[in-house]
Structure formats: structure tokens, C-alpha cells
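Scroll down for the structure; my scribbles are underneath it.
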Amino acid sequence: MSKFLVFGHRNPDTDAIASSYGWAHLEREVFGRDAEAVVLGTPNEETAFALDYFGVTAPRVVESAKAEGVSQVILTDHNEFQQSIADIKEVEVAAVIDHHRVANFETANPLYMRLEPVGSASSIVYRAFKENGVIPPKEVAGLLLSGLISDTLLLKSPTTHVTDPQVAAELAEIAGVNLEEYGLALLKAGTNLASKSAEELIDIDAKTFGLNGNDVRVAQVNTVDIAEVLERQAEIEAAMTAASVANGYSDFVLMITDIVNSNSEILALGSNMDKVEAAFNFKLENNHAFLAGAVSRKKQVVPQLTDAFNA
């Protein structure tokens, strides 16, 4: 039996790592297949907090599937090829477990594809456990809960699905944690930005989207003080520009999200700033503007950018 690698997107966030870890466990223990969860980048501080809290060793970082001797992979928390492993087009995608839009994706063979408009890929993985009559181990439940908390900002994001609060409650019970207390501690762990270089900061949680022939980089950082992040605007802009030149991004959009007040400041650079302004009906001043109530890249930024770039 061939081995499957299971992984989330590049620049992995907590949900990317948690969902792949949980699905790999399901593959091994329920479906009887050889599967290993790996990651496409070093876990961020929020994810490191969750891994440490539940006593889980961080999965291996890999850069190539073929170099690992596998021919089949399973994707969680993403489907767009430019967000995946470098040689994604050279291996077979056996399954996708995701909660995002489908774009820039095609396969030569049929596959198992499970897409649901829920708050996290971890929510889908937990649902699969329940459907198979299996209670996930405490550490798996803890990671899946962490993925859901992270992606929905403790169920406050507009991406939160009506079923997510119940999922969170059940996972918290299995994991043996208080949902609110653990959730706040997890999110707080992800707001420590002072120790990061500008290059690290813009790469904590970043994805590239193909928008009408443009490669648009959309990154997000969580904070409790937007002004503190903007004090570093010059060096952050320099890092954004350098990344755009090195990788061919037409535009770089950074969401600086206040997780306490549920707002974001948008810092943007590139050749299509008119489209960025049209997307959010605001005017950039000194390359940034306030976006009230925006906390979700998936629901409140990417669809609006997509419409504006296609207009």
C-alpha cells in the first residue's frame, strides 16, 4: 500500500496543521491507510502554543512530495495549486478537505473532495470522525478545536457556521479545556509580533491568489494594537515590495486585524491600487485604510478583491 502525505497550505496556520494532523489520524486509524501529516512551513507561535499545550510533536516540514517517495497526497484547508506544495502538479491529489473557494485546481483522475462552507477545515475533519463513529483522542480533539478557534477568532468571525459552536463545545469537552479560557490564550499567543522581522511578519499567514491574470498576495496578522504594527510601516512596506519583486506579485495586501475590536487596517502596495480601493470602497492614505468589522480574509477580503479585479 502506498503512503499518503497529508498537508495544509504553505505558510501554514493553525487550521492547516490541525486539519492535516486530524485527517492523517483518521486515514490511519479508521480507513487503515498509511498516512503522515506533514507541513509546508514552520508552525507559527499560535500553532506552537497549541502543539505544546496538547503534547503533540510538530509534523515534519517538507518541500517536495516526490522527494519523499510518495505519488499521492491529500490536501487540507486549501485546494489552489499556488498555495500548495511545490511539485503538486507532479503527484496525484487523492483527496481534498477544504472550506475555501475552488480555483486554479484540476486533476487527471477522480478524487475524494469534501468542501463545506464552515468556519474551519478542522470542523469538517471532526464531522468525519463522528460519521465514522469514532471519538478523536484528546490531543487530536485539542488541535481540531484550536484550528476552529483560530479560523473563526473564537467563533466571532462572520465565517463561523451555525454548526461551529456545537462542534467547538464537543471538541472542548473531549480535549478537557474551557472553551473561552483556552481560546483567548491561544489567540493571544498569536499576537506576539514585536519579536518578528518585517519579512517574518508578512509571511506569518499569507496566501497568493490568481485574480484575472494577477498574482495577488494577501497576508494577515492578528494583533491587539493596530497602531503598534503601523509604527513599523516603513520596514513592512520594504518587505512587501521585496517579496513582490522576488515572487512576481502584482499587488501585496496586508490585513492588520485587531482581534479584540474585530476591525482591520489594510496596508496595500502594487500596480492595481485602484482595484483595491474599489473592492472596499475606501481611499488609501499613505498606503493604508481602515476596514471596519473586517476580520476574515476568506469572506471579507478575497471575494471583494476578486470582484474588483474581474470588473
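The chain as shown is numbered from 1 upward.
Backbone N, Cα and C define each Cβ position, glycine as well.
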Mn(2+) 1 site partner of His9, Asp13 (as recorded in Swiss-Prot), chosen from Asp52, Asp77, Asp87: Asp77
Site-mate of Asp15, Asp77, His99 for Mn(2+) 2 in Swiss-Prot, selected among Asp151, Asp164: Asp151
Three-state secondary structure, His9 (Mn(2+) 1 binding site) (per DSSP): coil
Cβ-based isolation winner (fewest other Cβ atoms within 10 Å) among the binding-site residues Asp13, Asp15, Asp77: Asp13
Sparsest Cβ surroundings (other CB atoms within 10 Å) among the binding-site residues His9, His99: His99
Close in space, distant in sequence - Asp151 (Mn(2+) 2 binding site), Cβ under 8 Å, 6 or more apart: Asp13, Thr14, Asp15, Gly119, Ser120, Ala121, Ser122, Ser157, Thr159
Asp77 (Mn(2+) 1 binding site) and His99 (Mn(2+) 2 binding site), Cα-Cα, nearest whole angstrom: 6
